[in-house]
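Notes to accompany the following structure.
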Amino acid sequence: MLIPSKLSRPVRLQNTVIRDRLLVKLSGVANYRLTLINCPAGYGKTTLIAQWAADQSDLGWYSLDESDNQPERFATYLVAAIQLATGGHCSKSEAISQKHQYASLSALFAQLFIELSEWDGPLYLVIDDYHLITNDAIHEAMRFFLRHQPENLTLIMLSRTLPPLGIANLRVRDQLLELGMQQLAFNHQEAQQFFDCRLSVPLEQGDSSRLCDEVEGWATALQLIALSSRQPNSSAQKSAKRLAGLNASHLSDYLVDEVLDQVDSDARAFLLRCSVLRSMNDALIVRLTGEDNGQQRLEELERQGLFIHRMDDSGEWFCFHPLFATFLRQRCQWEMALELPELHHAAAEGWMALGYPAEAIHHALAAGDVGMLRDILLQHAWTLFNHSELALLEQCLVALPYSLLVQNPELALLQAWLAQSQHRYGEVNTLLERAESAMQERKIPIDEILRAEFDALRAQVAINAGKPEEAEKLATDALKYLPMANFYSRIVATSVTGEVHHCKGELSRALPMMQQTEQMARRHEAYHYALWALLQQSEILIAQGFLQAAYETQDKAFDLIHEQHLEQLPMHEFLLRIRSQVLWSWSRLDEAEEAARKGIEILVNYQPQQQLQCLAMLAKCSLARGDLDNANMYIQRCEALQHGSQYHLDWITNADKPRVIHWQMTGDKAAAANWLRQAEKPGMADNHFLQGQWRNIARIQIMLGRFNEAEVVLDELNENARRLRLTSDLNRNLLLSNILYWQTERKSEAQKALIESLSLANRTGFISHFVIEGEVMAQQLRQLIQLNALPELEQHRAQRILKDINQHHRHKFAHFDEIFVDKLLTHPQVPELIRTSPLTQREWQVLGLIYSGYSNDQIAGELEVAATTIKTHIRNLYQKLGVAHRQDAVQQAQRLLQMMGYV
């Protein structure tokens, strides 16, 4: 829950001086990105802006305290202030901030600005006491805020110090309105008005001006003069003499003499006890003082001018002026040191009763009351955990003695889950083992349910570490003993069980487990696990060959992300990536590329290494289009990320796929052979991850002419794929088997493998997997179509594949580009005619298109030149090749390709 007083604009106090000269300056606030009120304590910063804000409608106010240095807390309150200002216009940003579902503060602000782009009219956000922020992450985010905020949004910042936000840059660009100490200091007229409102005996104008000059217009000093002059044997002049030359750091003695010592003992005790609260209401005052009339006492202090003011329109919440609050806390520590822990204990109880556990924790920590801290955690820790209050929980667990932690095993479990959630995976088992050992030493019983909770977490750690056998045993044991009430651990154990089946290739068992995980996670609002379960379901369906069902499952995942505002989580990139994979398989290349690019956008706030698989997808899109240069650029980026980084084998496999295809297309056997020597060769191929790695190996073996080795690999892959019903892998494997048989002159077996692959594609929808095989595939498909050897569906798919090969590849890309031509002209067997009369680059392109079966008009359209120009090119290249007819040119091109090892 958010404390209302932190989001309420201060009520305009009675008897305050209206600062007309400053309000005139503030009338132009909307013309600036930032209005900065920067001066020491006690000059009326908050009062001035409260006066100005009284006439503003669309304004949010955020009053900071020391606890706001936590980025998550800062973000939640800032967005809440905007929500109050806009009447709930930014609901998505609010949900994201409350659930901490954002990659960084800057990413959250970017989402906020998207929603505010649809807001019409001026909008204002006041952040009071920004000097309390010392967290660099917040400063960096606010620099982003100032650079990108909408034109109609003005930030008003109140601070005792100059905030490190690039203020100079705003000043140069005339985007800063700045008011400092000189402007806020009271002038003679304002000082006269001030004393007229507060003194029973008016001061002469000359006396008032003199007092103002002696304290240099410092509003707090003027207030203290007025307060002191009410005391017997005191005068405004005597107070001014004492205050002259003082500043906020030297006020303690004066405040003791002129304020605390002048009130009765009950009022003094009341003030000191209340000082432990950062904000207060009647219920909290009753807890701390035992007085039933807390609200009346606060109102009476306000009337006396004792530096207390209302924080909201309802008058329920009060706070002390920051200067006075600091002074009172110091005096409380001095005068009530023995009572202070008891006061914080009472404050914690008060906040707990109001439903604010985070504030209660602040006081429990201040009291050093580990027993109370433990009780708060036992009651609220998992709620805080599920709201991602990880930093606060860590602070609490550090404060608890370890003996107290192990006496409450659920807190030891929480400590381990905290490490898991903060990606400190290596610490989780160590923490659990230490806790179990300590409990055994102290003879603290570990019942079956607690053991099952530990096992569920250990199972998650094991599957993350690539230990499926260990994970399966732990998850199975956990599910035996976990009651339905322990839903979170049951969700974890069920998810791990499904993932283990997935890794073992037991897809028919994995899918229902992941569907069950999704249902439980949705029921208990564990939406991260619901999304993970949908992603796993999609991957399982892809492996089974049901790509359309996978696509529809992905739609459900996109809906969940939208409904629960999960757009900034890395799992969103995972979803976009597997969507890209499906679209690529179907040769919807533009959409596949768009999905991969969106995935990279999601990861902009994370480590660049996480972009590896999306970059690999972009490389595959370029390869399917026949754009080798672009593909190579993405491949180089992938290689740069892989250099010096540690990746899971699945990631390496996916990154290597475009590399091996690129080497095949360009004939780079040296790079291929070097890769093969270093490539990891898994012991099994029982799932689609491992099948993919062995397929990469087999492709390189075929390219290097190591046909026997490749055949052994492919036979085992196909056997496993059939046994485990890995339909998509079987579809891909058969295409490689086809290439192997074709290159070893086993045309009948090649045809059989191709026909089965086309048949499987009726289920998978594969197109691009055929297209990337290029001319070898095109030749075979032409033959099958001419022989009319295919059923209707397969015939239609073959024609579509052939069309894509002709459209995207054009066979200039691998065979007739500049690299190929350079290699050809230096080949010892190149025909002398070509060596002495080489074709131009354009003529090589035309030859490639002729070889691909393009007509003259199609070639003209492809190269965007006139048909007569194409005829000239054809005539020239016929002459240079020594041929007279198109078929002769095709045969000559075929011989050149064979000579270079491409066909």
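Cβ atoms are placed via backbone N, Cα and C, with glycine included.
Non-local neighbours of the DNA-binding region (856-875) in the same chain are 810, 842-843, 845-846, 849-850; each lies 6+ residues outside the stretch with a CB under 8 Å from one of its CB atoms. What Swiss-Prot lists as DNA-binding region is 856-875, and the listing cites sequence analysis.
Taking Cβ-Cβ distances under 8 Å and a sequence separation of 6 or more, the neighbours of Tyr43 (ATP binding site) in its chain are Met181, Leu184, Ala185, Trp218, Ala219, Thr220. Among the features that Swiss-Prot reports, ATP binding site is placed at Cys39, Pro40, Ala41, Gly42, Tyr43, Gly44, Lys45, Thr46.
Taken from Swiss-Prot, the feature domain 'HTH luxR-type' covers 832-897, and the record attributes it to sequence analysis.
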>> Name them in sequence order: residues not among Cys39, Pro40, Ala41, Gly42, Tyr43, Gly44, Lys45, Thr46 whose Cβ is within 8 Å of the mean position of the Cβ atoms defining the ATP site.
In response: Arg160, Leu184, Ala219, Thr220
>> Within the DNA-binding region (856-875), count helix residues (DSSP H, G, I), strand residues (E, B) and coil residues, in that order.
In response: 17 helix, 0 strand, 3 coil
> If you run the three-state DSSP split on Tyr43 (ATP binding site), which class comes out?
Replying inline: coil
>> Across the domain 'HTH luxR-type' (832-897), what does the mean pLDDT come to, as a whole number?
In response: 87
